[in-house]
Each structure stands twice: as structure tokens, then as C-alpha cells.
2 protein chains.
Amino acid sequence: MSQFSDIEIARAADKLPIQEIGARLGIPAADLLPYGHDKAKVGQRFIDGLKDRPDGRLILVTAINPTPAGEGKTTTTVGLGDALNRIGKNAAICIREASLGPNFGMKGGAAGGGYAQVVPMEDMNLHFTGDFHAITSAHNLLSAMIDNHVYWGNDLEIDTRRIVWRRVVDMNDRALRQITASLGGVTNGFPREAGFDITVASEVMAILCLATDLDDLQRRLGDMIVAYRRDKTPVFARDLKADGAMTVLLRDAMQPNLVQTLENNPAFVHGGPFANIAHGCNSVIATKTALKLSDYVVTEAGFGADLGAEKFFDIKCRKAGLRPDAAVLVATIRALKMNGGVAKADLGGADAEAVRRGCANLGRHLSNLKGFGVPVVVAINHFSGDTPAEITAVQDYVREHGAEAVVCRHWAEGGRGVEALAEKVVRLAESGAASFAPLYEDGMGLFDKIDTVARRIYHADQAIADATVRQQLHAWEAQGYGHLPVCMAKTQYSFTTDPTLRGAPVGHDVPVREVRLSAGAGFVVAVCGDIMTMPGLPREPAAERIRLSEAGHVEGLF
Amino acid sequence: MSQFSDIEIARAADKLPIQEIGARLGIPAADLLPYGHDKAKVGQRFIDGLKDRPDGRLILVTAINPTPAGEGKTTTTVGLGDALNRIGKNAAICIREASLGPNFGMKGGAAGGGYAQVVPMEDMNLHFTGDFHAITSAHNLLSAMIDNHVYWGNDLEIDTRRIVWRRVVDMNDRALRQITASLGGVTNGFPREAGFDITVASEVMAILCLATDLDDLQRRLGDMIVAYRRDKTPVFARDLKADGAMTVLLRDAMQPNLVQTLENNPAFVHGGPFANIAHGCNSVIATKTALKLSDYVVTEAGFGADLGAEKFFDIKCRKAGLRPDAAVLVATIRALKMNGGVAKADLGGADAEAVRRGCANLGRHLSNLKGFGVPVVVAINHFSGDTPAEITAVQDYVREHGAEAVVCRHWAEGGRGVEALAEKVVRLAESGAASFAPLYEDGMGLFDKIDTVARRIYHADQAIADATVRQQLHAWEAQGYGHLPVCMAKTQYSFTTDPTLRGAPVGHDVPVREVRLSAGAGFVVAVCGDIMTMPGLPREPAAERIRLSEAGHVEGLF
């Protein structure tokens, strides 16, 4: 175990100039747009020139259902990337950008930890290269244009009660969840109910992460539904002529960001959509660019494998034509213990029996992942208190279920501590065992898609929904949206919709409370529980302690 | 006259790498934080090391009252900077950053014009280096912390009817001017009236532009008044412990931005506060940094000299200890004609008599400027239709009033066309004639300060205000704010508060409708008329035409 904190380790990093990181990938300095000395965007023209190159191998890092004990998906992604480079592969990692707002609520830090980190950590948790600000601006320009259109006569006959396009801010601000806007008289417009979401919940964010280039971006932006008329026909962003200006605002943001790990290996950090009402993966353009420039690309998906991996496969890979070569399923002894029924306060004691019981959760994810035709290896993200008996319990369980579990010590040792996993990943990926296929065909009905995910991935008896929901799905099928994949918005803490049910529950239904159409992003969201799209600040927000130190360092953010 | 548009000229610019521009000022590449290849921030540590260097000479560019005919203050600033370099001086310019939102309403472009431009023009009218986004984030973090404080029990006993801190967005969005927030039940807080201003109207913007370093920034942020209690005692941002986190968000934004003119001369572009409810000047840190690195620094102030120059002298120079060496008063024949009573539609015809009548406006600004102890030269910003008789009329008038008027052709010719002005500026500045003093002493009463500006600068009979306003000013004096300068918020189109009265009106009063305290920025705002802090979009917003061309250029923004 390290005696240093994450931020101390990050500050002591021996960073290379970002041009040197780019050079390792074959990116000329002229095609890197620097942001300071340790961050850069990869120029669009350079990316356009890569089309004919072969792709490297794509590795997904996913996890068991998250618990308060922590799993370490990002640290494993970083550590595996470093380890692959150590064993002679040219590897890059692809992860998501952090949202600014939540850092001022609870302690932040979304760049790994220990000796498996991406740097510069402070910048990555602040404005970074401005991508999220650009998304906020583009989103709110459309919002302003909607109300402005109504103000000047409403030629499109928008029903102001049915404006579904809200505003966004990258801040935890519960006071903005529900507002009445346009008050104060004639010059301020027509009063109506409105509200704000946090920026990462914006459909523009999901689109930026799924678009293949600027033309595709603009087409998708134009396809977004912003409101309905009294006859319930949709009004699109294109009808408001907002798609061109939004694309201009997003032009720089579309270029993937390049930074580095503590071991000076390339890391693409780009995009960060919500993992409930959106698909929770870094951008397609970053992943595809990395695949053109590396032998191996290690990426991750939000939450546990039931949500994150399923969406990675069924939304991102399906739509972008990606074919993953292997998956790493991350677990910790502590989290498995919690899945085995141990309370957080009792995690201190060794309990191999509880670990074995908790492996039911792991086993279900393992079989789910194999169902996508992707070979899987389990990574045991090692904590210092783990006992040999507990580790053996996991390894035995996983072996019984036809896979292998490798102990990984990236947090304490960096890439060196995860070379065994890297070797295993290479063997799996180069075995040719992968034959990826998404869970369902495009042609399946929308409700059947939801039901298929519920049964096959959540191991539920069925998905259930009232007539209103089913009619809405049928209406969208009639309007030509039936081919879209579904995006499940469900608690990440359980296979069920009850966050308290850990392990591998059976006998549950998945009630679909509401469905939403993200016509630009290209998926239908099935809301199965309470989904919060605008967080609040806690009683004592982290912001109260965040400040610059005498030395100019950021304190309190991590 | 050039046959090319501003944007065509800007795109054809032969830009140098920003490191070469920095090198000309003696800034090592390691102390420049690049944003792409043609923009950079000057590192704080480098700036800290300049303290003991001598200052260069400071030249203010200001103008007669603006008319729809256009005056060309920024182009003159750029042209004069280029010309000073041409005649052998090491000169830099300091101008403001453009606000993003308004570009989507009317045509944008705030980087000069013709052959007197700062580049990269597209970036400067879009996200640039993200400063305004950082200001928006810092401002709205404080907003969220106020409502969050009330939500969790309101220990500070904030009167929610008296929260004076609004929210901001860098967008023209009239629907947000007045809202009811925190609707929707217990989890969303206590409903109250609220609203949004555009980001440039934020007190955080004014503070960023007046703060001398990060410590001063944080102190000023803490000093901001966000609300009042039932007993009317103020609640400060510091009471909410927001000042530290806001400073962290503004750390990068505090570093001045360096770009270049078309002639590859250094241009600092940093900050952009409103020129009505704030002081309308670029940042003190940029101006001071430029003065340490150059023989000559040419800067400008918002609106005409009655507002812009007065605030530059009485707020910026007073507080920052700057001592301007000369002022350039910009006029055009067309604008003088309008001041002489000609309608915009009739500007096509030559009319030396109207020009002479309009010189009354020029003459008053000339004497006002001299009153600050700063030698003045008049720049006639040449348009192709100007006749020799019209130009002679101005030159004669100015000579009669003890100054000189120089014809400038920077728009068509770049720095070459304004060398005569540069020579004159150098003679004035090096004559030692300047003995700058602000208009009034710190110790004068607040209302007397307002009255002094009204009488001495606006040539009014008096300032008038009802008892409420006077009592408020007395209350602030009692609370220790009496030493602050005043910031006049008045129409820019006239010396009076009636925008239709051009020329040099007499016999008017200046009614003060309302006063506001910007305790962090350090001034008292006297509102003398309708002041709009959140613009709306027009019927056909420019956004509808803004898009990327096939070649990847931004179209419709200029």
C-alpha cells in the first residue's frame, strides 16, 4: 500500500510534454491542439486521414454491481493499459470526462487512483478542455431559440405545455429542477413551466459521444425532438434551424482529448454521458481514433455490467460497428462480501464464506458477458486486507464457471501489478474466441427489446408496463423509431429495480414507469425507477473546503 | 478600400506560432500555456516575476458618443498598436474578450475589422480560452450554494425575498430574466423569485477585471453581497464559504490571453465586463502585464468617452494605480455628421457644415479628457466617402480647441495607414505633459461623486435622486463603502439620459433611478435609465444562419 494520497501521487507525476505522448501514437505536433503543456485535442483533419488503417483490439473493462465498498473500474482500466504497454503492446486507454458540478458536492476525482491514474488530475476535475461547457452552450442555445420562436409568433405552432427540451447547467443546483420561466410581462415572453438538468444528462452529450464525425453530429442534433404540437406531432431542433450553430459550438469539443497515465502512456478522455438515461460510455470518435493508433484499446462503461456493458454492447458497439475482443470483469473482495450479505461496517473481518456467497453476483455478470460472444477474464482489484482464503474462494468460483480470476495490484504498484491480467487479456483477445453480437436484433419490437434485457440480463421474469407506455412505444414504432436500441434507466446497485437487493436475485419483474425518445442520440430510454437528472448539494458541500493552497495547488477537491 | 470581408482577411492572415509572439515580449515558451497553436495564457508565475520591472507607457483609445454610423474604437486600437511597432516601438494592445451569447442574436465580431484585426477571429467570438465559461461556473456555484444553504436550514438567516445574487448564462435568453425557482415540492427547496443575467453582467466578471492577483481575487469574491437578512444586514459570499472554490474555478481564467494582430504584434485579450453596470475595461492583470513587457500599451474602454474613459480613469486607473500617458479620441466623419443632425439614411452626401456642428460632441469629450490631466489627440477613422472639406472641418475645429486631428487609414491599410497618429502619440506621451488625476477624491460623498460626474462630464445642471436613493447611499457610507468610486449606468448615445439627444446638449438633469452596491468589484452603480442585463434574441437570430462550411469554416457568425 502506498503511503501517499491520490493527489500527492498525481502531483509528483513525471509528466511528458503532450507532444511526446502524441508522437508515440504517430500524431504530428501540428495535429495536436495543445491545452497547456499536458493536454491536447487530436485534430479532426488527422483523424479523417486514418480511415484506411486497420483497427487494434478493443477491451472492455466492466464490473459487478457497485457497492459502497468500491470496485475500481477506472483504476483497473488505467492499470491494464499501463501493463499492456509494459508487456510490449502499443496500448491506449479511453475513459470518460468528469462532470464539474458534482465535484462541489461530494469529494471528486474521476481519474483513477493510487498508482493507476490519469494526469493532470486537477484539470480533469475542473474545466479540462472545455468540452462540457461547449455542450452546455449548445444545449442552452437551442433552449433560448425555442422560447424565442414562441415569443416572435410561434410559426411552428409549438404547444408550450409540451416543450420537452429543458435547459442544462454543469452544477448541482436543485433550485433549478422545476421553475416557471418567462415571468415579468410582455417583453419576457409567455410564462411556462421549465427546468434544468445537469449537463451530463443532456442529449447533446449522448450525441457527441455517438456521432462519428461533424456531419453525423449535425444530422443527429437536427433529429432531436424539442417539443410537440397540439396534434402531438414532433418539432425537431432542425425545424428551429439550431443544428448548424450548435455544431459550430461543438466543433472543438468533437475532437478527442489526449492526456497520459502516470506511466506516460496515452489516455483518451472524451465525453461523459449519464449511465442511466444515456449510455454511459466515452465517445465513439475517441475509441475509433485510439483503435487506429494502437494495438490495444482499453475502455470502460458506467456502473456494473448489467447496465454499463449491456449499453456498451447494445448501443455503442451496435451503432458504431465496434467489435470488442475481450472483457474484464472487475470485482473486489470487499464488494463481493457485501454482495454476500455483509454490512459495510463489518467489512474489516475475513469471511471467505461471504465472499463465496457474493460470487453469485459475479457469476451472473460473467454468463451475461459471455452471452454477447466476448471472452471474459475476472480482475480481482486487490485491497491490502484481502486474505488468501478469500481470494482463493473467488478464483475457485470463477474457474468452476469457465473463466479465470487474476489478482491485480495496480493501485499499489501501477502497471507492474497487473501484468498477469494483461498477459491473460492478450491471450483471450488473440485467441480469436470473440464473436460479438448484440443481445437483440434491430428489428425486434421496442417493448420486446426491453423485455429481452430484463429477462436475459437482469434475470427477471418479465418487464411490465401499463397501456400508456406500450401505446407510446407503438406510436414511435409507427413513426419509424422502432429500429432503435433501448437504454435502460435502472438502479445500478442491483439486478432488480430495488437497490437493496444485492447478489443474484430471482423472481422479480422490471416495471417500466416511463419511456423517453432520444431521437438524435438514437435510443429509447426505459425508465424503471426514480432517475435524478439534477443532483443537489449536500449539507456541507465540498465547495466549502475547496481552495488554492499557498503553493497554488487545489485543495479539498479530492 | 479592401475588396475582402473582415473574415476573409482574418482567414488569410499569416499567423505566427503564439510562442513566437510570446518570445517577442520575452515570455519563455514554458510560461505560455497554449490553447491550440495561436492562443495562449501567460503563466501566473512568470507574471509574478515581473514586479520589479519598469512600466511602459499607457495609451487610452476612446471615442465620441457612439452612433449607428460606427466609430471604430477597436480597429483604431489595433491599428495604432501595429503602427507603434512599425515606427520602432515595442507595443502591445489590450482589449476585451467577446461575449458568446450575443453572437447568436445579431452578427458578431469583436476583434477589429479590415486590416486592423486581432486573430484568430473565429475562436475569439466562440469559446476562446474558456474564461467566460469559468466565470459562469463560479457565479452559478455561488448561486447554488445560496439556495442550498437555505434548503439545509438557513443558519445565516437569509431573507429569501432579499437574495440579490442572481444566476448567469452566456446566452441571450429573455425567458430566464424572471423566474420562480425551487418549485416541485420539498426536495427542491423553498420557492422564490429569481432570474438570470448574461455572464458579462456578473460581478465576478468585474472582479476578475479589477483584481491584481489570485489573493486579491479571492478577497473580492468573499466581499460580494449576495443577500440580506430581515434586519437588512448583508450576507457575504464569504459567509457561505464560496470564495475559495470560486477562486479555484477562476484560477486559469485569471491568466491573461495572448493572441496577435494581423501584423503579428502581441494582443492581450482578457475580460469583458458590461460598460453600464460595470466599468467596461479589459483586465487590470492584462494591462499591467503588458506594461511590464512593452514600451507602449494601447488599450480601450467601452462606449464613448463620457462613460468609457471616465470609468477607465475613475475606476480602473484609480484602483490599479495606472497612470495613462495619452488618450486618443476616435471620431468618424459619418458619426460627426449624425451628431450634427444628419439622419443615417442621408449620410451619403458630403456636408462639411453638419460635420462642424457635430464637432460640438467631439469638443466636449476633448475638454473632458484634458480635465483628467491626460494629453489628447483626435483620430479621424477614415471612410472612403469622406471629403477633404469634411476632414478639414474637423482638423480646424480640433486645432481651435488646442489639439490635433490625424487621419487614420488602418481599416484599409493596416498599421501603415496610422503611422502619423503613432508619431503624434509618441510625442505626446514622451512630452511628459501627462499629470493624471481622477475626477474626484475617494473621500467625497457618494452622491456628490455622482453629481460631480453629471456636472463635469455630462455637463448637466445636476444629478437628482429621490430620498430612498439618497438614504441608501448614506447607509452604505455608514457601512464603510463611502470611499468607493461610482459606476454610472446611463445610455451611451448621449451626454444626457435621453439617447436621442446627440451633439453637446445643455440644460439637462441626470436622474438616478436606483443604486446598487458591487462590494466585491468595489464600486457603487448609479442606474440612470433602463439597463438591460439579459438581452433577447431577435426575430431571426443569427444562429439560424451560423454553420460550418464544407471547408470547416464558420459561416454566418460575422
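Placed from the backbone N, Cα and C atoms, the Cβ positions cover glycine too.
Curation plays no part in TrEMBL annotations; they are all automatic predictions.
The following features are taken from TrEMBL:
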type: BINDING; residues: A:Thr67, A:Pro68, A:Ala69, A:Gly70, A:Glu71, A:Gly72, A:Lys73, A:Thr74; note: ATP binding site
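Recorded features from TrEMBL, shown on the structure.
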residue : record           : CB count, 10 Å
A:Thr67 : ATP binding site : 22
A:Pro68 : ATP binding site : 11
A:Ala69 : ATP binding site : 17
A:Gly70 : ATP binding site : 14
A:Glu71 : ATP binding site : 24
A:Gly72 : ATP binding site : 26
A:Lys73 : ATP binding site : 27
A:Thr74 : ATP binding site : 23
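DSSP assigns A:Thr67 (ATP binding site) to coil, not to a helix or a strand.
Under the DSSP three-state reduction, A:Thr74 (ATP binding site) is assigned to helix.
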